[in-house]
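Enquirer: According to Swiss-Prot:
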type	residues	note
ACT_SITE	Cys77	active site, proton donor
ACT_SITE	Cys228	active site, proton acceptor
BINDING	Asn15, Asn68, Gly78, Asn79, Asn165, Asn201, Glu219, Arg220, Gly229, Thr230	substrate binding site
Amino acid sequence: MPSRLSFHKYQGLGNDFILVDNRHQPQPCLTPEEAVALCNRRFGVGADGVIFLLPGQEGADFSMRLFNSDGSEAEMCGNGIRCLARFLQDLGIPGQDGAYQIHTLAGRIVPQVRPDGLVTVDMGIPRLLAGQIPTTLAKPEEKVVRQPLQVGGREWAVTAVSMGNPHCVVFLEEGGSLEELDLERVGPLFEHHPAFPERTNTEFAQVLGPNYLRLRVWERGAGVTLACGTGACAALVAAVLEERAEPQATVELPGGNLEIRWDPDTQHVWMTGPALPVFSGTTAE
């Protein structure tokens with residue numbers, strides 16, 4: 001584990017991150033292997049990932065990089081970027097009306113810290129074509145909506161969405177139970193399915209009303225997490241595509257609720273939720 005590293009622990013609905021102020025150099029100051037050690041919940045600090053605050057690129061105020069707890073790199077993270085915005089505010093960097101232009105591997109994302117402490121994020125326009133996700137479940141120029149997929153000895157109907165990172169959304173029909181779902185078993189099978197060449201996040205959802213979804217998530221590179229911001233966005237988009245929900249809904253996750261809206265005019269997806277500091281520290285020599 002890296003020695004004498006100053007860090008700050010934040011969480012968004014229980015999805016927890018180690019934040020590192022990396023503005024002094026354009027590349028992360030840790031290797032993926034060091035991030036894995038730092039994320040270890042018994043021998044390290046413990047987290048779902050390490051987020052680096054980097055100098056801005058391409059006209060953005062700042063840049064964000066994220067190593068998952070397995071050492072892989074995520075293009076974007078909804079809960080993570082809310083935590084980054086709160087971290088910037090706590091550093092005394094106010095932003096423009098609380099908003100920050102953040103360069104990510106998924107493009108520019110704009111989180112805004114509201115007066116009530118919640119963070120609203122313009123997550124951009126979802127990518128719906130198979131070639132954009134990417135997945136081989138359809139031709140590259142086609143959408144993937146309610147496509148059959150064989151996983152774990154049974155057939156699932158899946159809808160694929162990219163929020164800058166790949167998502168596979170499965171709606172449990174009547175009689176299905178999120179509580180009874182063996183997520184530890186089936187999650188890795190979805191993540192590593194050959195239909196997703198870059199692996200995938202997977203959301204298992206129930207629609208409790210036109211404006212209310214429940215969700216459990218298997219995150220690519222992190223496993224079971226209490227919440228996933230991009231996953232909540234992808235689930236709402238998938239619910240609208242499958243005509244199960246309206247384009248604005250509360251998404252309930254094990255760690256709490258997010259408010260998600262898919263604007264029918266601009267096609268942008270907006271996410272609102274909390275981000276809170278947990279503690280700050282320095283690793284030992």
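Every residue, even glycine, has its Cβ placed from backbone N, Cα and C.
Structural setting of the listed features?
Expert: Sequence-distant neighbours of Cys77 (active site, proton donor): residues of the same chain at least 6 apart with a C-beta under 8 Å from its C-beta are Phe17, Gly49, Ile51, Leu66, Asn165, Cys228, Gly229, Thr230.
According to DSSP, Cys228 (active site, proton acceptor) is assigned to coil rather than to any helix or strand.
Every protein chain shown contributes to the tally, and the Cβ of Asn15 (substrate binding site) ends up with 31 other Cβ atoms within 10 Å.
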Enquirer: Look up Asn165 (substrate binding site) in the DSSP assignment and reduce it to helix, strand or coil.
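Expert: In three-state terms, Asn165 (substrate binding site) counts as coil.
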Enquirer: Can you count the other CB atoms that lie within 10 A of the CB of Gly78 (substrate binding site)?
Expert: 31
Enquirer: When DSSP is mapped onto helix/strand/coil, what comes out for Glu219 (substrate binding site)?
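Expert: DSSP call for Glu219 (substrate binding site): strand.
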Enquirer: Other than Asn15, Asn68, Gly78, Asn79, Asn165, Asn201, Glu219, Arg220, Gly229, Thr230 themselves, what residues in this chain have Cβ atoms within 8 Å of the centroid of the substrate site's Cβ atoms?
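Expert: So the extra residues in range turn out to be Ala74, Met76, Cys77, Gly80, Val217, Ala222, Thr225, Cys228, Gly231.
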